[in-house]
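> Take this structure first; my questions come after.
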Amino acid sequence: MGVRGQCGTDACPQAAWVLSERPETFCLPTSTQRPSPHLPPACLPTRARTMASAFLQAASPLVLGASRRALVGRSIAAPGNGAKVQATVGNWFPGSDCPPHLTDDLIGNYGYDPLGLSVEPGNLARMRECEVINGRWAMLGVVGSLTVEILGLGNWYTGPSWVKEGGSPTYLGNTLPFDIKTLAAIELVLMGTAEALRGGEPDLETRIYPGGAFDPFGFSKGDKAKLDELKLKEIKNGRLAMFAMTGFYFQYYATGKGPVECWTEHLADPLGANFATNGVSIPFF
């Protein structure tokens, strides 16, 4: 049977599993032992203590010296003795410290600001707002890019070709009774009004999460923990969508094809149709 200390506290800055002379028993260094029905007395002999000390000295710079911050906040399986262990989401770079201006109350904070763009409080608020808004647009863009190609209406690039060719705009294959100038004017009025109202709101939280008519299902009402969970899911999916749209752009530049067509070809021939064989990603390959 094994017993594990609470690593990260003053009583036990470092903990390790050590095999005692009794084959069926695992123990901790004597300095961390506490009375327990699971921990036999005189569990750790001198030889085992020496081995444990040598192991900790060798391992601590590489493994045990990582930031304790990476282990606070995320729930993990509790040990069998009933103790509760928690860990947090780690930083974007393992073992790194989170910048002090990126506080724990920031949803989706992984300590990522290598260029220090958010050091100023005003910049941090603006960057967070831009990230959420652009993430929402990217999620819409990914859905639209995939849908138009799945329906057989071209891909995201060839779909708006009527603008270049002087044709009429279409929506899901149906011709619209507007020319490009009329559509641009409508978009300017609608989007301009919405952005002016949003930009005029002094409170950052309200600008990003206005609620009201923009929350028809009432997700922003009720349990704050549930709302924070939804915010975290949104920011994660928004980040993923921004990467996806960037991939769509470079993919079309390299192959002249949309994401669904490239994906289908890759499934049919994984070794022959991939990023390494498109003639652009890896030159001269």
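Cβ atoms here come from the backbone N, Cα and C positions, even for glycine.
Not measured: the values here are computed from a predicted model.
Marked as chlorophyll a 1 binding site by TrEMBL: Ser118, Glu131, Lys233, Asn237, Arg239, Gln251, His266. Taken from TrEMBL, the feature chlorophyll b binding site covers Arg136, Leu204. What TrEMBL records for Glu234 is chlorophyll a 5 binding site.
Explain the structural surroundings of these features, please.
Annotation note: His266 (chlorophyll a 1 binding site) sits in a helical segment as assigned by DSSP. Other Cβ atoms within 10 Å of the Cβ of His266 (chlorophyll a 1 binding site) number 15 in total over all chains.
Counting every protein chain shown, the number of other Cβ atoms lying within 10 Å of the Cβ of Arg136 (chlorophyll b binding site) is 15.
Every protein chain considered, the tally of other Cβ atoms within 10 Å of the Cβ of Glu234 (chlorophyll a 5 binding site) stands at 19.
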> Highest Cβ count within 10 Å among the binding-site residues Lys233, Arg239: which residue is it?
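That would be Arg239, with the most Cβ atoms nearby.
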> Roughly how many Å separate the Cα of Glu131 (chlorophyll a 1 binding site) from that of Glu234 (chlorophyll a 5 binding site), to the nearest whole number?
11
> Provide, as an integer number of angstrom, the distance between the C-alpha atoms of Asn237 (chlorophyll a 1 binding site) and Leu204 (chlorophyll b binding site).
21
> Would you kindly give the Cα-Cα distance separating Ser118 (chlorophyll a 1 binding site) and Leu204 (chlorophyll b binding site), rounded to the nearest Å?
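Just about 15 Å between their Cα atoms.
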